[in-house]
Amino acid sequence: MDAPKPEEISHPPMEQLQGLEYCIDSNPSWGEAIAMGFQHYILALGTAVMIPSFLVPLMGGNDDDKVWVVQTLLFVGGINTLLQTLFGTRLPTVIGGSWAFMVPIISIIHDPSLQRILDPHTRFLNTMRAIQGALIVASSVQIILGYSQLWAICSRFFSPLGMVPVISLVGFGLLDRGFPYVGRCVEIGIPMLILFIAFSQYLKQFQTRQVPILERFALLISVTVIWAYAHLLTASGAYKHRPEMTQQHCRTDQANLISSAPWIKIPYPLQWGAPTFDAGHSFGMMAAVLVSLIESTGAYKAASRLASATPPPAHVLSRGIGWQGIGILLDGLFGTGTGSTVSVENIGLLGSTRVGSRRVIQISAGFMIFFSILGKFGALFASIPFTIFAAIYCVMFGLVASVGLSFLQFTNMNSMRNLFITGVSLFLGLSIPEYFREYTTGALHGPAHTNAGWFNDWVNTIFLSSPTVALIVAVFLDNTLEYKDSARDRGMPWWVKFRTFKGDSRNEEFYTLPFNLNRFFPPS
């Protein structure tokens, strides 16, 4: 038997993923696009409901306040998604609420001057205004770094090797949002996970009119089936005598969103009153804005690969960060209760459906705005138990993490240097945030606990973020450890042509601004 040829036992690096049905600028039929846009909207609801459900009660708000914050978060998210897909990176990315802002927001909630307010609703309004003021000031970090092209300069220190841990931990770093929540209601979560994988992977060849219906709409179909099943369990009294925590995660009538939601109401700027400004709150919030910037950088790289586009050039990436800063400014003006970032789960859905079309995401933004105005209808979909979303996250976050690992094909993984950098940055990116989480859970405050609240927020926010820790470790090691003689091992010969807009002819196709705006904002 002849010895196998080298090409038979290895796979050559490929710039674009194979098997994607629609790339960034190709579009399915309008019917498919609208259905898939609605699917992205449903997936975005998980975070949009979970964050206000956690924060609003701590702020002193009631169910009416929670519903209005959810609607505002979705409304502004829809606007930010349209701005990002039209004028930002132009990648098919949904912009939604971010968990990265939790540390400084909780610090504001626990501010003694706010805690002294006895009336809960007054305390809620004053806390929301304080959060708004901090977001408005802190948004300047991304606006300045983006539009001044400073982030483009910083990105020149990135390589495929340095980006692998960052992109991978954008997905892996959210592991606590996956199965730990599925386990809180296994009778719903496990069937959801199995059904989604069965439809999207094992039955993906099933077609109707040459459309792989089960693969393309696996999320919609499986959510509908399991949601109906969960409602049947609720209506039959299966949870009547179960513990309160089980009922909270399993029942379909616990969110109190439908009864509290108005029929029609349009969010508007300064709807909670005039924002209040505090230097300590603003400095602390800047750390979260920086973390959001880093996490979004990794997410944009992943989205470009799943949309079959080239990696965004430094100029385009910086432009997107600038628009994301505008998005956080809008969060502060409207009062969403948190800042925004790229929705990781929606990037995973690009890969699951094999549709990376920009038009689909823009349609989903339309659904976010439409259903945030029609409160009752939006609240109906938002009442889906979070356990169902957590089951989907187990697939979506893992898919995004694997996209990060796929960048290793452009590097030399027979190099001990590369093995060291990859392994250490991945491990520390998981281990350091886990230490901060465990410490915070036990001590009810982070490891940084000084009299300077803004300093505590900076340290605790940065080191709670897996992608941020991975970026610090990986980029430092990659640019200091034998870097002069390792350009080829790091993947730089492939990477360097994507640094500039004119470095690859496909960049113009993917990232040129609409309405001939490149005349006024020429790419570098």
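Even glycines carry a Cβ here, placed using N, Cα and C.
Among the features that TrEMBL reports, transmembrane segment is placed at 38-60, 67-87, 93-109, 130-151, 157-175, 182-202, 217-239, 360-382, 388-407, 419-436, 458-477.
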Point to revise | Among 67-87, 130-151, 388-407, 458-477, stretch most in contact with the transmembrane segment (182-202) (C-beta, under 8 angstroms) | key: 388-407
Practice item. Give the one range among 38-60, 67-87, 130-151, 388-407, 419-436 whose Cβ atoms make the most pairs under 8 Å with those of the transmembrane segment (360-382). Key: 67-87
Review point. Other than its close neighbours in sequence, what residues sit by the transmembrane segment (130-151), given a CB gap under 8 Å and a spacing of at least six beyond its ends?
Key: 101, 104-105, 108, 111, 114, 272, 275-278, 281-282, 284-286, 288-290, 292-293, 297, 314-315, 317-326, 328-329, 331-333, 335, 337-339, 524
Check your understanding: Honestly, do the transmembrane segment (217-239) and the transmembrane segment (388-407) touch, with at least three Cβ pairs under 8 Å and pairs 6 or more apart in sequence?
Key -> yes
Check your understanding: What stretch, picked from 38-60, 93-109, 157-175, 458-477, has the most CB pairs under 8 A with the transmembrane segment (388-407)?
Key -> 157-175
